[in-house]
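Q: Next up is a structure, given as structure tokens.
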């Protein structure tokens, strides 16, 4: 261009107009393509959501802003993984500290570009999977952008797949991390460990004390209680919207879908197929597919082509065999299909086996028993198979279906180790939502820290017996451990007394007016209940002394998962009528304590209100009876334990109450109580009540000992 202009200074340039337009067009197009390539490179090098922005959110930074770190050849290299590491030896729990939410804080290191002395990058661009993993962590409640608050550190160095890694240089990059400290409290994620020809079952990168969330651990490389065994993520099952299939018998009893398996294993499987014919299907790689058909989504048997992973839904059991690596992505595909995995891989540590009960969802068969696998599976009852099919699908939905699910499950396991008193229960890990107790966690464990609120809350259900109510309030207020008194006013046609008329007591007194007159109102989880212990007491129970109530509370503190009460009752089997009978006579046994005066954990208010099986709650409210029996059934069914009757008192008759006031005096009432027991037993599908022949009394009760020296001198008479 310059030469042309110089040689034609006396006239216009000799470039035709159309040619100039075309050149401008191509230059512009080239510029756009170049900018697009630069933008694509920036996106690939930078993972989503790992840098904290000024507003506390997450931002994506330009590749130009990523600092370059040069690693000299003699940079320090961490020691190889310490196989003796356990949480109490290699993890610094003091970095985590105590916090009210019992949540660890996880810090993600900023992205850096590591290069060697020659300027060659140590690793390639961060993979899509690792990008998703970092995003999941940064979007979670665990994430913190303050390195000083962090308990756990996650590098932005992608080691998910060992294949492209430069082992030495990657280890040197890890050692450059600002808080590395021999890998203490650092977490690495790796799904494809090892390299040919040996294919080690754990990441070969030297990592010292760092925790490893690895896919494909063996019993030789897995540090139990320290490392976390995770699934090998399957993009195929994650991208395939495979509808859930109802449990039950399927076309094939046993199916093998893996392609690259050892020839000896394939011979064993083909021998089973030859023996059992159409009930066994052994698939292999397709060799006759049309051009353009994705081979990864097809499997073949002889010349028959099957869609994969859809074909897995046609089988009851699916084999999961070791390949070059011990961990296989096919496990995720099998679980998604609701096919029960038959794991034939000796020494394999199943994913999340620290918390997941794999006996409920899989069958593990030793490799030497592979020829007997068909007969082994035939011995499993059909009902159990269907439960395993449901459980397999549930495991995939909860823990396998996405990188996010894998990341959060890993962090939860580590969190449970650090805060064991707030750990997720076995049921919460393993029970599908249809059978677990929903969002409120069961607090009935051995606590490692004291409850936030001591004492108990007394809940008095009343309708219009004001004089008796005031006497109950006065007596209960004398109990030293009383924290609050809550009156549930169940009368919609009459206002409660004016505030000035209520007894003056030392603890807060709150009146709650209900919208409807229901007995179940006494078991509602009111926000005003701040203590763990609840005393349910009727407005006519005026005979209990403060010593009796205080002793009952202290017994409950020793057994917080029990119903601890005073009026004892019994259920009996009537052989003549062939049904259950309610018994209120004095006997040597009890199986219930009435909630007219009983202590229990406030957790059961939640279960009673929101999780009571069947129509029991509506039955109680309709018949205006048996709410106490329903609570006894509920507690016994949840805990599997009997009630505890305290103190010898058996008479709970209100001296001023007439026969009209006292429902228990009516013979019809007793018949209805028997009907309730039979109704509830039918709904629960069992009789959960446990019969016991003992009660709890103070140690010095009836001993010839000075009353002044007894802790509970006024226990009272029968």
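For all residues, glycine too, the Cβ spot is worked out from N, Cα and C.
These figures come from a predicted structure and were not determined experimentally.
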Q: So which range, 5-25, 26-46, gets flagged transmembrane segment in Swiss-Prot?
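A: Matching range for transmembrane segment: 26-46.
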Q: Out of 430, 490, 578, which does Swiss-Prot tie to the same UDP site as 461, 465, 517, 538, 539?
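A: The one candidate that Swiss-Prot places in that UDP site: 490.
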Q: If Swiss-Prot says 465, 490, 517, 522, 538, 539, 540, 627, 628 bind UDP-N-acetyl-alpha-D-glucosamine, which of 557, 562, 649, 673 does it name for the same site?
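A: For the UDP-N-acetyl-alpha-D-glucosamine site that includes 465, 490, 517, 522, 538, 539, 540, 627, 628, Swiss-Prot also lists 673.
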Q: Can you tell which of 288, 637 has the least company, meaning the fewest other C-beta atoms within 10 angstroms of its C-beta, among these glycosylation sites?
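A: Per-residue Cβ counts within 10 Å for the glycosylation sites 288, 637 bottom out at 288.
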Q: Would you identify the secondary structure of residue 628 (UDP-N-acetyl-alpha-D-glucosamine binding site) according to DSSP, in three states?
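A: Looking at the DSSP assignment, residue 628 (UDP-N-acetyl-alpha-D-glucosamine binding site) belongs to a helix.
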Q: Which of the listed binding-site residues (490, 517, 584) has the least company, meaning the fewest other Cβ atoms within 10 Å of its Cβ?
A: 517
Q: Going by C-alpha distance, which of the recorded positions 461, 517, 584, 637 is nearest to residue 540 (UDP-N-acetyl-alpha-D-glucosamine binding site)?
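A: Comparing Cα positions, the closest of these recorded positions turns out to be 461.
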Q: Once near-sequence residues are set aside, which residues in the chain of residue 582 (protein binding site), 6 or more away, have Cβ atoms under 8 Å from its Cβ?
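A: Result: 569, 571, 629, 670, 673, 674, 676, 677.
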